[in-house]
């Protein structure tokens, strides 16, 4: 009991000794600011209701500006500390310079530092929105980004003309009359991959709903056009691959909103995602139009079609190399956001997709060429669609931050397939 009384008296004595540091108030104008990386901006700061006792002890008190993440944004060093001696009439008004470093959000606050006790206290109006400032650092729009997108669209158009010229219409008709392969791919692509991406997101990114969103959007995206390229390179059934890609992209009109409004609502509600139907429709059109041109060449210019068929593999290989290398160059900044969790997610989603689809196809007695096409078609997601959806439906910088996952998936996706290709080359498999 005596010890408890001593503790209480000590606590009361400390309360009397330490002044009320919460008396001051702070106001930032504006309360939020969006800056491009490697730029700076002035912000107005007002400090009011500073006590007379604090004003009298200029050596003891100072105002210090702090950033919640100094890697993203900071206050210019010469503005980071405001001596109490600069305060007049119980108030201080001035401008501070915010420096943006890297993508993300950082909250800037001002606190009263007590040199005697080594502690800092927040303003009395800390609960108000303008008592701190939110700095949103975004990536500037670059010409190289537009060049990359345009060049990929052009090359994909050319490659799909080649696919159309190489298609065997009779084989396609046979696949439609006995659609076991397309059905396996449809189930693994439109049901298996969304469930897998959601489970992986919750498991790997338990503390980051934004990264869960990026992985889930990748999982519900339709099959990517690169699947046809890899099918051609690895000797899989190209006719089955193109048919499954077409079915997957048409099914995306229903499957994507279905996942958004069912399982996806658990992580989409906070983001307010809307499915861009026009983009999906445009993607389907961009897939079918060059295919139709290739079929027309096959029908009316068979000699030209034969040349295109011989060029299919080398052109496909060059396209894969171009996309991977150029994507890394244009998005090199995003590697700063990579972590081991992102690398694991980028490898796990396509890797598990390949394995699950391959096993399902073999259990249902599909031959090796068909099973390989089904596995490739399932594991390769249209990461471009996922990135497009995230960047057009989310505000910056969240749009760029969430795209780190589909970018990681795009980079990691070819690795298992490259291993298969090297195995085939070493063992003379054609």
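Any Cβ shown, glycine's included, is placed from N, Cα and C.
Matching 222-241, 342-361, 362-381 against TrEMBL, the residues noted as transmembrane segment span 342-361. TrEMBL assigns the feature transmembrane segment to one of the listed ranges (117-135, 250-268), namely 250-268. In TrEMBL, the transmembrane segment annotation falls on 280-302 of the listed ranges 73-95, 280-302. Here TrEMBL gives transmembrane segment for one range in the set 39-62, 183-206: that range is 183-206. Only sequence-distant pairs (6 or more apart) were considered; of these, at least three Cβ pairs between the transmembrane segment (250-268) and the transmembrane segment (183-206) are under 8 A, so the stretches are in contact.
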